[in-house]
Amino acid sequence: MRRVVRQSKFRHVFGQAVKNDQCYDDIRVSRVTWDSSFCAVNPRFVAIIIEASGGGAFLVLPLHKTGRIDKSYPTVCGHTGPVLDIDWCPHNDQVIASGSEDCTVMVWQIPENGLTLSLTEPVVILEGHSKRVGIVAWHPTARNVLLSAGCDNAIIIWNVGTGEALINLDDMHSDMIYNVSWNRNGSLICTASKDKKVRVIDPRKQEIVAEKEKAHEGARPMRAIFLADGNVFTTGFSRMSERQLALWNPKNMQEPIALHEMDTSNGVLLPFYDPDTSIIYLCGKGDSSIRYFEITDESPYVHYLNTFSSKEPQRGMGYMPKRGLDVNKCEIARFFKLHERKCEPIIMTVPRKSDLFQDDLYPDTAGPEAALEAEEWFEGKNADPILISLKHGYIPGKNRDLKVVKKNILDSKPTANKKCDLISIPKKTTDTASVQNEAKLDEILKEIKSIKDTICNQDERISKLEQQMAKIAA
């Protein structure tokens, strides 16, 4: 019987490493024993955790700063212990958070054009963990809300605008937390921990909504992330040390929707998820490949697409947000693969013959504008990401400076009702420069359209005149 091949526009996703001159060379990537990605990327900068004497440090390079990186290049170096995790703010491309073995979280403001001097003073230091902080994750839709998780088995959610810890989940995990993931609107988090449990938690109600014991039975680390439809995707190991991936419905976590066994490598599988295309990319630490799968509503739900393979193993991996991709090249993902001494971008494309904008590859995607202010989220409001179109390419706007306003310690009013100054001016205040830039951009786009229309009309006219000339000549 002839087998029917499943139709998918992503069956031919093609991975390609960039040329050597477009890599970031001579970087001493961190050797610390921790299963984070060691790299964070946005449309302006790539940040990489590096080896540093006398404390912890990471590099922040403008994307165009390729080639050999000088040993004296400025670093972000305020931590007194190794940096374990970094995460760019989704609402401000110049703000990055870092977690360290020194038990602190620091939030940094990077100058618009990158560093010219090493940065030692963070905008704010967040102190609340009693052991090293291995996870930092910004809220996807609320401005200034940052989550951190430490080896004290506690999750703290901060209002960065005031430097306050407003939620402390310190009694939900009996063992080390491997990772934490926000859902699409930031109302829930899911966690994977060393006790082999996957938990879905409502952080504001401080209660566990769903829980699965022994999601994967192996002893090695697991990962759990939320998908756009609310399901949870996990990676882990079987009792026989085979790597597994699984899909779960939080409303019924007795049995997985899908469970696949992959291979017997021992590297932790780091999942990177694109909610616009429903593709999950799995990058194993120590692997030399990236496997990718499409998640659909039809059995077997998790469909293997392809594998990008290279020669060198990866020490870590950065993943570019959708708004940083080149839509003209039909690029659907860009990874920043960390080698021992360099960072190598890898571009994933869907080959298309047409030069037109591919609407089916690029639905409206999460933009840089926050949907909520911090105090709105802490008061119980939820909002989906504010979407933008990539049809004309994404042009980064000017970011506002991060400002932190400390509360008066003597002020004893409940924190939940207090108003606070935030990283950016509230939405109601219009950024004049930004509006002017948008108006100019609209004018330019209208002018281009007008020129295109004129050219089309001229082409038609020339064609008619040529036909008339041909008749006369005949």
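Glycine is treated like the rest: Cβ placed from N, Cα and C.
As annotated by Swiss-Prot, coiled coil applies to 436-474.
The N6-acetyllysine annotation in Swiss-Prot covers LYS446. Taking Cβ-Cβ distances under 8 Å and a sequence gap of 6 or more within the same chain, LYS446 (N6-acetyllysine) has no neighbours at all.
Taken from Swiss-Prot, the feature repeat 'WD 1' applies to 25-70.
Here Swiss-Prot flags 78-118 as repeat 'WD 2'. Long-range neighbours of the repeat 'WD 2' (78-118) within the same chain, counting only residues 6 or more positions beyond its ends whose Cβ lies under 8 Å from a Cβ of the stretch, are 30, 32, 34, 36, 39-45, 47, 49, 52, 55-58, 60-62, 65, 124-127, 129-138, 140, 143, 146, 148, 150, 158, 160, 321, 366, 368-370, 396, 398-402, 404, 423-424.
Within the repeat 'WD 3' (128-168), the DSSP-based counts of helix, strand and coil residues read 0 helix, 23 strand, 18 coil. According to Swiss-Prot, the feature repeat 'WD 3' maps to 128-168, an assignment based on experimental evidence.
Residues 35, 134-135, 137, 139-142, 145, 147, 149-151, 153-155, 208-217, 221-226, 228, 230, 232, 234, 236, 248, 250, 253, 275, 377, 382-385 of the same chain lie 6 or more positions beyond the ends of the repeat 'WD 4' (172-202) yet place their CB under 8 Å from a CB of it. The repeat 'WD 4' feature in Swiss-Prot is assigned to 172-202.
Beyond the ends of the repeat 'WD 5' (215-249), by six or more residues, the same chain brings 35, 178-179, 181-184, 188, 190-194, 196-198, 200, 256-266, 268-271, 273, 275, 278, 280, 282, 284, 293, 295, 301-302 to within a C-beta distance below 8 angstroms of the stretch. If you look up Swiss-Prot, you'll see 215-249 marked as repeat 'WD 5'.
Under 8 Å from some Cβ of the repeat 'WD 6' (263-303) lie the Cβ atoms of residues 6, 8, 10, 13, 15, 35, 37, 184, 220-221, 223, 225, 227-228, 231, 233, 235, 240-243, 245, 247, 257, 309-317, 319, 322, 332-333, 335, 346, 348, 361-363, 365-366, all in the same chain and six or more residues away from its ends. Look at Swiss-Prot and you will find 263-303 tagged as repeat 'WD 6', backed by experimental evidence.
Assigned with DSSP, the residues of the repeat 'WD 1' (25-70) fall into helix, strand and coil as follows: 0 helix, 20 strand, 26 coil.
Following the DSSP three-state reduction, the secondary structure of LYS446 (N6-acetyllysine) is helix.
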